[in-house]
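> One structure coming up, written as C-alpha cells, with questions to follow.
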Amino acid sequence: MLEYMLVMMMVLLAGSSDGLEVGFYHRSCPSAEGIILRVVKEEVAKNRGTAAVLLRLQFHDCFVEGCDGSILLKQEDDESFAAGNAGVGGFDTIDKAKAAVEQACPGIVSCADIIALAARDAVVLCPQGGDVGVKIPLDWDGEFLFDDIRSGRGVLSSDAVLYRDRTTKKIIDSYSSLNTTTMPDFATDFAEAMVKMGKIGLKSGSTDGEIRRLCNATNN
C-alpha cells in the first residue's frame, strides 16, 4: 500500500492540462524540494505521527475551496478553526519548511505547494512493514478487502458510513470481491481520485492568488 500511496502523491503533482507539473520549481527554486524533504524528515524523526498528520493536512486543505493553502491561515474566521478541521495538525512543520524555502528562494514557492510536497514526502516516511507499534490497521482481515467495513466493524466512523450509502456500498462490494492479483485496481482508482482532488480550485499566476511570505497570514 505504501508504494501505491507514493505513486498517488507523485501523480498529484504530475503534469496535466490544468497546470500541474512535476519539477515546477526546477529552475526558479531548484533546492525547494530538497529543503522541504529535509524539514519533513527532521520532524518525523522527532515524532513518527507527523507523517500521517501531514498527509491528513493535504486532504483538509483541498476540501474547502480547493488546494490553496488556506487551511494554514490563522484568524478566528479562517477554515483552520472550522469544526470539521478539529485535530488537523502539521502547521508548525509547514511553517518551518516555508521559512527555510524563503531563505533560499524568497517569494517563489507557494504554501499550497509546500503542503503537497510535504504530504508526498510524508508518505515515503510513513512506517513500513506493518509495525503495529506505530501503525493501526484499518482492516484487520486484510488490506484492500474492506471486510471490517462490510461487517460494521470499521475503525473510522467516516469509513463505516460508506457502507450505508447505496452508491459507495456498490463500490466497496466490488473491491471486496477482488483477489490478491487484482488488488492494485483499488490503488489505481485511489490515485486517480487524488489527482482529481488536486485539481480542485487550482490557482496559478498572480491574478488568482499570492505567494505568501508567511503561510499563516496573507501579505500586507
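Heads up, the Cβ atoms here are built off N, Cα and C, so glycines get one too.
Those TrEMBL annotations? Automatic predictions, nothing curated.
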> Have a look at TrEMBL and say which candidate in Cys105, Cys111, Cys126 forms the disulphide with Cys29.
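Its disulfide partner, as TrEMBL records it, is Cys105.
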> Cβ distance under 8 Å to Asp68 (Ca(2+) binding site), same chain, sequence separation 6 or more: which residues?
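The list for Asp68 (Ca(2+) binding site) reads Asp61, Ala112, Gly201, Lys203, Gly209, given in order along the sequence.
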> So which recorded positions are near Cys62 (disulfide bond), with CA atoms within 10 Å, out of Cys29, Ser70, Cys105?
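Taking Cys29, Ser70, Cys105 one by one, the ones whose Cα falls within 10 Å of Cys62 (disulfide bond) are Ser70.
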> What residues, ordered by sequence, lie under 8 A Cβ-to-Cβ from Arg56 (site 'Transition state stabilizer') and sit at least six positions away in the same chain?
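For Arg56 (site 'Transition state stabilizer'), the qualifying residues are Val88, Gly89, Gly90.
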> Which one is it, among the recorded positions Cys29, His60, Cys105, that lies nearest to Ser70 (Ca(2+) binding site) by Cα separation?
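Out of the listed candidates, the nearest Cα belongs to His60.
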> Nearest of the recorded positions to Gly66 (Ca(2+) binding site) by CA-CA distance, picking from Cys29, His60, Cys105?
His60
> Please report how many Å separate the Cα atom of Val64 (Ca(2+) binding site) from that of Cys29 (disulfide bond), as a whole number.
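Distance between the two Cα atoms comes out at 28 Å.
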